[in-house]
Amino acid sequence: MRVAIYSNDGSTSNKVASQLKAKIKDSDKLNYDGLNPEIVISVGGDGTLLSAFHHYIDSINKIRFVGIHTGHLGFYTDWRDYEVQQLVDSLEDDNGQSVSYPLLSIDIKYKDGGPSDSMVALNESTLKRVNGTMVTDVNIKDEFFEKFRGDGLCVSTPTGSTAYNKSVSGAIISPQFNAVQVSEMASINNRVFRTLGSPIIIPPNEWITIIPDDPYHNILTCDQLLVKNRPIESITYSISNDRIYFAQYRHTHFWKRVSNSFIGVHKDD
Ligand code: NAD
């Protein structure tokens, strides 16, 4: 089985990555292949897994990910840095088991007459404005829904619902749902201006289009990436036809992960 390692630059991560590489070289069943891997092991935190996802985006349907965390518990990282041998044993016993999660499709049209862009996010995409109020039309299935005024909008996947979306009071969605959520960032609501004021969640056969009044001065993100600075005509969000796959050697129940990460104290503690 062809295995790649994608590590951050931390000293613990580098140490773990070297140990892994040596064990892969010693294995009869595993080959190190950074160009055309079947398994990508991310070593670091959620941010490292996000970077690995975007690095291998062109072959995303052929890859299964495994996350080792070298810092505090992450959402996409099931293995600890001291479990390298157990992970290698699991890789050698691999029988193709996987779990997959929905991704966000982002189609961007620009006002400069240049080519449009299509991107895929694992966590979310945000459209924000820092100098002044962001004013946009929000359409659902090409029908006008509302005029949004505020700091910005966050459009997230179910696995991304525990990230930025949670900080702006979006709901946490189990990744068993194929859904996309739109959450507001500091919307202006008064007698003159009105937005829905609640997060909305759309199913696979619907899409959301955001059309900023001002094509300039917007900040568009896709996970940790800043999308290039071109005047935006519209952004259409929907559930991607692609999914992310994780090798499922062990399974932390989603709600257990949420409880461990955000609540921490348990009944028996
Ligand atoms: P990072 O690696 O420092 O990540 C920031 C934090 O988000 C970390 O604590 C990480 O564990 C956590 N995180 C990432 N994905 C998560 C997920 N799916 N569920 C729960 N927690 C998650 O920074 P980065 O590499 O720039 O990561 C980019 C991500 O940071 C973005 O996708 C966004 O979700 C998040 N972010 C959050 C805020 C906020 O909450 N106000 C602001 C900016 C970015």
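The first residue you see is number 1, and the count goes up from there.
Cβ atoms are placed via backbone N, Cα and C, with glycine included.
These numbers come from a predicted model, not from an experiment.
Among the candidates A179, A186, the residue that TrEMBL annotates alongside D46, G47, N123, E124, R149, D151, T162, A163, Y164, N165, K166, S167 as binding NAD(+) is A186.
When the binding-site residues N123, R149, K166, A186 are checked against ligand 1, N123 have a Cβ within less than 6 Å of one of its atoms. Taking a C-beta cut-off of under 8 angstroms and a sequence separation of 6 or more, K166 (NAD(+) binding site) has the following same-chain neighbours: I172, F262. Counting only same-chain residues six or more apart in sequence, the Cβ atoms lying under 8 angstroms from the Cβ of R149 (NAD(+) binding site) belong to T133, M134, V135, S187, I188, F193, T195. In this record, NAD(+) is bound by D46, G47, N123, E124, R149, D151, T162, A163, Y164, N165, K166, S167, A186; the longest C-alpha to C-alpha distance in that set is 31 Å. Other Cβ atoms within 10 Å of the Cβ of Y164 (NAD(+) binding site), summed over all protein chains shown, number 20. Residue pair A186 (NAD(+) binding site) / D46 (active site, proton acceptor) shows a Cα separation of 26 Å.
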